[in-house]
2 protein chains.
Amino acid sequence: MDAFNEKSITKNTITRASSYLRVIKNLRSLGFVRVYSSNLADALGLTPAVVRKDFSALGLEGKKKGGYLIDDLIARLEDLLGAQKPRKTVVVGCGRIGRALIESQELRREGIQIVAGFDVAPPPPDEQGEVPIYHVDMLQSFVQKEGIKVGILAVPSHAALEMFQRMRLAGMRGFLNFTTVNLKCQEQCPHGCEEQCIIIQINIALKLENLFHMVHITEHHPELLRE
Amino acid sequence: MDAFNEKSITKNTITRASSYLRVIKNLRSLGFVRVYSSNLADALGLTPAVVRKDFSALGLEGKKKGGYLIDDLIARLEDLLGAQKPRKTVVVGCGRIGRALIESQELRREGIQIVAGFDVAPPPPDEQGEVPIYHVDMLQSFVQKEGIKVGILAVPSHAALEMFQRMRLAGMRGFLNFTTVNLKCQEQCPHGCEEQCIIIQINIALKLENLFHMVHITEHHPELLRE
């Protein structure tokens, strides 16, 4: 069964925990020693009750009126989230989007290491860049040897399901899905894997479609919008 | 004020309305004439009550036991969402991600027309592709002449805020933001624009970070996960 589905509190709690860690690190760099649930709530547009509930669910305790000690919180959130581990990932499908991600300086600056790309038609040796692009048949052995758990899927949609299954078989558990196929962790993997996996969909066409629709409603049916 | 904030029911209702339209069109192509709230709920992983509530909020009415007539629903959803209008957009920032989007066949197949790109350093005439890339100083006149309302922001983060403001000044109202900057529609635009705008953030680094965190918790702190 999928550990996190779109509606579960757990996935949202962990997503917020990543944000808490970012904000708290910023506060530490500004010289703060303590942080209150209301500080985090303000910074992230949440209510203090949500922050306290998350902290409680994550086993993070504070002093009633003294807030939370920042050094303590950072250490515990980093341990909980595995935030100090290297973030090594691979890109499967090295078309335009895949290559753009592989070459992205911005991802590197954010600490994401794309260590290899995989494609059905990898470029010849003299056209390889800094990050090697291998044939997809190399995926399983590479990923298992390097212990890669998170992958980016950027193949054409017709190849999405097959590549997703290959990535799962190779032991990958987290997927950033740029295809238009709505991938799901089946309850029972056809290959008998029992581990859960997590998929984040980035369907660019769908997001753009939503924007067109929302702008249209703003302009033509403003009466439907709530204040 | 922002018409849609992340928590408002309205934005989610419209996002779901886009999905309803997709599903209903598929059903029509399969020969269906009527659809029930439970059909849509099943297809999209929602509850029938949510579907009925959305339809009611959008002014779509059905017959109590007869469900909704598909042709009727499609006509009304398309009118509501402006779904038959051409979806013309531009990309601001033509680095690796921006160019990948401009050249994407997948977006074209989904009916998204990227009609121009803008960059501080556009390529010379002999290196231009099918979609022209102009200097950002041309943005305002182009967008106003073509009536473009939705734009894709893919500049380096340090330039995000300035370009966002230029796009708003040009009359754009919907933004797909690929930068790591968390853009907001200010309550009062510094240039006095009063119209609302809608921003969808696609922070790839943050999504990947979340995946690493979630996979780590699945593997190392499974006791925190709810079943």
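Every residue number used here counts from 1 along the chain in the order it is shown.
Using the three backbone atoms N, Cα and C, a Cβ is placed for every residue, glycine included.
According to TrEMBL, the DNA-binding region annotation covers A:19-58. Among the features that TrEMBL reports, domain 'CoA-binding' is placed at A:83-182. If you look up TrEMBL, you'll see A:Gly93, A:Cys94, A:Gly95, A:Arg96, A:Ile97, A:Gly98 marked as NAD(+) binding site.
Sequence features, as recorded in TrEMBL, placed on the structure.
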residue: A:Gly93; record: NAD(+) binding site; Cβ within 10 Å: 24
residue: A:Cys94; record: NAD(+) binding site; Cβ within 10 Å: 26
residue: A:Gly95; record: NAD(+) binding site; Cβ within 10 Å: 19
residue: A:Arg96; record: NAD(+) binding site; Cβ within 10 Å: 19
residue: A:Ile97; record: NAD(+) binding site; Cβ within 10 Å: 24
residue: A:Gly98; record: NAD(+) binding site; Cβ within 10 Å: 23
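Long-range Cβ contacts of the DNA-binding region (A:19-58) within its own chain (Cβ-Cβ under 8 Å, at least 6 residues beyond either end) map to 9, 13, 66-71, 73-74, 77-78, 80-81, 83. A coil conformation is recorded for A:Gly95 (NAD(+) binding site) in the three-state DSSP classification, outside any helix or strand. Under 8 angstroms separates the C-beta of A:Arg96, A:Ile97 from a C-beta of chain B, among the binding-site residues A:Gly93, A:Cys94, A:Arg96, A:Ile97. Mapped onto DSSP helix, strand and coil, the domain 'CoA-binding' (A:83-182) counts 39 helix, 25 strand, 36 coil. Residue counts for the DNA-binding region (A:19-58) under DSSP, split into helix (H, G, I), strand (E, B) and coil, are 29 helix, 2 strand, 9 coil.
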